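Colleague: Mind looking over this structure? Questions follow.
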Amino acid sequence: MDYEVVLPAAGSGKRMGAGTNKLFLSLADKPILIHTLEVFEKDSKCTGIYLAVKPEEREYIQRLLNEYNITKVKGLPNGGKERQHSVHACLKVMKDVDIVLVHDAARPFILQSVIDRLVETAYEKGAAIAGVRAKDTMKKVREGIIVETVEREDLWAIQTPQAFRFELLRQAEDLAEKVGFLGTDEAMLVERLGHEIHIVESSYENIKITTKEDLIFGEAILKNRQLKTER
Ligand SMILES: Nc1ccn([C@@H]2O[C@H](COP(=O)(O)OP(=O)(O)OP(=O)(O)O)[C@@H](O)[C@H]2O)c(=O)n1
Ligand SMILES: C[C@](O)(CO)[C@H](O)COP(=O)(O)O
């Protein structure tokens, strides 16, 4: 079951505070962006990659694609002000796609087994997203005061990839743009259409590189994986 992947990569990395797009920072001597791209470059079921980029970074990214022999990129549209706009920009240039996976370029540790289950579920059900069960107690806080403890039993920390039948996601993104709705993930937009969305249990290693501590976690994840392959 083939799919195409949208990788929003046009962020500013404000929370990382590196003064550059955090995707250009290295883990084990390789840019984070390349770690993520290589997952999809190696997956024979992935038939195309679309990268939303900042115009001023396009030339550098194209050099990286050449340097690391990333051949599946079909489009590098301009990203937008928000992550959602960057994803939408990719959808607008995609054609003849059945299943689309949206994945944060800042999540380089996604497992192939999770991708496979997401694609399979999206083919069967139309929508499937990655997540892990919450490990911490979560509470709502207003003005420094706890107002509610959210029942943890049914709470999941949602990640990407998020996989959809292309037409469903395109419809959801077009409607959100029309009414000015802004979500923090693609599932929020599809939920508004009333469409059922399935969860696929992912891995706690599938972190989003967001703050400096995540670089330390990321190096440890890579080291751990290298040790496993050496055994
Ligand atoms: N306008 C935006 C914002 C984010 N992203 C991408 O969406 C992914 C997840 O976003 P996030 O982790 O928030 O990245 P940044 O926006 O760069 O981080 P920050 O919010 O700290 O600035 C990243 O791969 C980022 O490059 C994007 O393509 N376009
Ligand atoms: C899409 C996402 O990764 C799901 O957890 C998350 O919402 C992205 O948030 P960000 O602030 O745009 O990184």
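In case you wondered, yes, glycine gets a Cβ from its N, Cα and C as well.
Nobody curates TrEMBL annotations by hand; they come from automatic prediction.
According to TrEMBL, the protein has these features:
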SITE      R15  site 'Transition state stabilizer'
SITE      K22  site 'Transition state stabilizer'
SITE      R152  site 'Positions MEP for the nucleophilic attack'
SITE      K208  site 'Positions MEP for the nucleophilic attack'
Colleague: At a 10 A cut-off on CB-CB distances, which of the recorded sites R15, K22, R152, K208 has the highest count?
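Modeller: Answer by Cβ density within 10 Å: K22.
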Colleague: Round to a whole number and give the Cα-to-Cα distance in Å for the pair K208 (site 'Positions MEP for the nucleophilic attack') and R15 (site 'Transition state stabilizer').
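Modeller: So the alpha carbons of K208 (site 'Positions MEP for the nucleophilic attack') and R15 (site 'Transition state stabilizer') sit roughly 12 Å from each other.
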Colleague: Rounded to a whole number, how many Å is the Cα of R152 (site 'Positions MEP for the nucleophilic attack') away from the Cα of R15 (site 'Transition state stabilizer')?
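Modeller: Taking the Cα atoms only, R152 (site 'Positions MEP for the nucleophilic attack') lies 27 Å from R15 (site 'Transition state stabilizer').
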Colleague: Can you tell me whether DSSP puts K208 (site 'Positions MEP for the nucleophilic attack') in helix, strand or coil?
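Modeller: DSSP assigns K208 (site 'Positions MEP for the nucleophilic attack') to coil.
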Colleague: Based on DSSP, name the secondary structure state of R152 (site 'Positions MEP for the nucleophilic attack'): helix, strand or coil.
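Modeller: In the DSSP reduction, R152 (site 'Positions MEP for the nucleophilic attack') maps to helix.
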Colleague: Near ligand 2, which of the recorded sites R15, K22, R152, K208 are found, taking a Cβ distance under 6 A to any of its atoms?
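Modeller: Within range of ligand 2: K208.
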Colleague: What does the structure give for the C-alpha distance between K22 (site 'Transition state stabilizer') and R15 (site 'Transition state stabilizer')? Integer Å is fine.
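Modeller: If we compare the Cα positions of K22 (site 'Transition state stabilizer') and R15 (site 'Transition state stabilizer'), the gap is 9 Å.
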